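Quick look at what TrEMBL lists:
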- 4-135: domain 'Anoctamin alpha-beta plait' (DOMAIN)
- 21-48: coiled coil (COILED)
- 167-670: domain 'Anoctamin transmembrane' (DOMAIN)
- 208-225: transmembrane segment (TRANSMEM)
- 268-291: transmembrane segment (TRANSMEM)
- 303-323: transmembrane segment (TRANSMEM)
- 351-370: transmembrane segment (TRANSMEM)
- 641-663: transmembrane segment (TRANSMEM)
Amino acid sequence: MPPQVDLVVVFRASSPRALSKSQAREDAENAERQYSNLLDTLNNAGLKAAGRRGENAGQLLVLVWCPASTLVRLVHSERYSDFLSGLPVTHRTGDINTISLSPADRLRLIHGHVTSMPLDGGLGVLPGSKDWDRVESVMSLHDHEFNEHWIRSWTTRQSGAIHLDKVREQFGESVALYFAFLSTYSKSLLIPSVLGAGFYYLGTPYSPIYSILIVLYSTAFVEYWRVHERILAVRWGTRGSFKVEKRRAEYQADFPWWKRELRTLASVPVIGLFSGVLAVLLTAIFVFEAFVSQLYTGPGQKWIGFVPTILFIALVPQFLSFYQRYAVSFTDWENHAHQSSYNRSLTIKTFTLSAIVAYLGLALSAFVYVPFGERIMQVIQSDVLAGTGVVSGLAAKVSSTMRQSGGFNSTKAIAGTEGKTLFVKDSQSARQKLNPARLQNQMYAYTVTNQIINFFLETFLPFVLRAVDSVKSGRPVWDAFHTTASSSKKSPKKRVVFEDERREGKEEREFLEGVRREVALSEYDVFGDYAEMVTQFGYVVLWSSIWPLAPVMAWLNNVVEQRSDAFKITVHNRRPIPVRTDTIGPWLDTLTFLTWLGALTNSALVYLFRPERKDGNSTTLVKEHSHTAALVGTRPNPNQLVVTAVLIALAASHGYIIARMLVKHLVEMVVWRRNKDVQQAEVMEREVKERYLGSLGIEKSFVQAEKVDGVEESNAILEFWQVDEGLEEIRKAVKDA
């Protein structure tokens, strides 16, 4: 049978850049010292370590296995720490049985021991640290049998509580908590899906009733999940796990707390600055796409519609990538003690800009394009394009250049545009170019088209990239479709064996080929999956009044998403390192914020767009949004429309606060206090404490003593307590009556 391997330490033996002869010799000596130190550190800690050649040149794979005696010591140390820190005790006896450990607990203990700092009792082998700069990663290997069973089970049934516990036993609480959230959220989407389909087919756009129900649904779901994750933490024994979290290697212990708080506070204006720049960039692209491109009639008119998309693809991802690097360095500068607080800070920084990209386009369309589209079109047409002459002059130069070069079929273009301007000048024609279905089209693109694209990028694109890499490396294309879930069944590829290399047996060779394939995979990060689901939740809560079928599309996507995420973890990514956690962290705060924001946006959308009357207005936006057009047309100052919408949104905010308080109280009483897992955990904790007190010789019975706290019970004191005058007074009162 193949050897049992708990961890794989990926070690870089040589520099990837070209070196001179002396530099190469020095680099090799440095690699030898660090590699020998690595083996000594692992072996001296009671682990078994052995190196093997990797897939790439200069790559070594150090295979690590933990014997039972060392594992017993790690288990005892963790339970001792858990008890002192007040974590729930899940074992009623003091017996430590390593066989009862789940695979995830085993890997978590060993990985934590190897990578945690010596101050926390670990070995300090942390990838990228100063002492271990040649250690690229510390990873674990997939359980192929479980992966196949897990993927197969998705075709026959949904994820239940038992299924979720199996996921936890393999991948740890962090991944299991994500799938619990995904499953709970997907099931809850059935409620707004039924509501949305009903209101959509009843033909009631921007219904106040639907908007109120959506806000109540989102509030109930968030509060239910807040309690449900606590129940899962109690069931899994991880509630309060942050108390025993290991410190980060980069943490400076002598750093004052107030300085760290000031650094964290300093990130607020930085986030605001980047958010402002991104908002300006997206607004400029929006104005170009919604107004300028519609007014342009010059050469290349049929291609002008692609310019906003090209600008978005060329600028926005680059800006986000630049900001991500800055956010990481800024979060490092904040000097967080634990990885959970570090991830929380980085998540807030990252998702803030991602939310702007996701929702700003809809916000501009809803609160700018529809209410004030005609006025903005008039300003751009009369003042910007015609008044300044800059754009017209630039367009004329482009037109002249295209005529000389023959671009865009210049002969036809010249003939067709002779005597015409480059932009529409007639105001009536310009108003007719406004798109009344823009909001619905955007919602369809975000909730249907984008989700289909994301599914392809997550599921099929990795196969394509691996196929291209196989062709470049001279390997068969079929190697790209070898999955970790089935790698044990595939025939190994041919490999050159050097004279100084030991001859491996067939079983060992197949095992090492599977290890090398897994090392080539990317690490799994649950951040991307949470971000995708929370963004989708925002579309449903904030904007489904625009298109009530959005919850239906979200539910259909999530039915597939649960399976594609399982497939992605088992096939396209390394095995996730188990992490103990009791919450989804900053994502819960983000969900809470989105529910509050949903109360504001839904009330504003209903006020602006609810249909009241149909009249003979001429423009397309007026016909589509008659109420808003009537308000804009009848009021001397259109800004009053925005002011009224803001006041209504603020009133809805106060209503949301009251509704949330009531929902939170009901969920707490019904779900938390009546839960059997919570009650059983309380009984178990009481039994453990009673056993502990019993082991100290402290019994429940009381022992009579003649002296308490040094006070002797004299006869005088006892005589005072033997006299009672209460009954005498009561009887006297009865006689007098």
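Placement of Cβ uses the backbone N, Cα and C atoms for every residue, glycine included.
At the 8 Å Cβ threshold, with sequence separation of at least 6, the transmembrane segment (268-291) comes into contact with the transmembrane segment (351-370) through 3 or more pairs.
Remote same-chain residues near the coiled coil (21-48) are listed as 9, 11-15, 60, 62, 64-67, 69-70, 73, 110, 113-114, 123, 125, 132-135 (criterion: CB distance under 8 Å, separation of at least six residues from the stretch ends). Between the transmembrane segment (208-225) and the listed ranges 303-323, 351-370, 641-663, the one holding the most Cβ pairs under 8 Å is 641-663. Sorting the domain 'Anoctamin alpha-beta plait' (4-135) by DSSP state (H, G, I as helix; E, B as strand; all else coil) yields 61 helix, 20 strand, 51 coil. Across the coiled coil (21-48), mean pLDDT in this model comes to 90. Long-range neighbours of the transmembrane segment (351-370) within the same chain, counting only residues 6 or more positions beyond its ends whose Cβ lies under 8 Å from a Cβ of the stretch, are 271, 274-275, 278-279, 282-283, 286, 290, 316, 320, 323, 376, 434, 438-439, 442-443, 446, 531, 534-535, 538-539, 542-543, 546, 586, 590, 601, 604-605, 608-609, 621, 624-625, 628, 642, 645.
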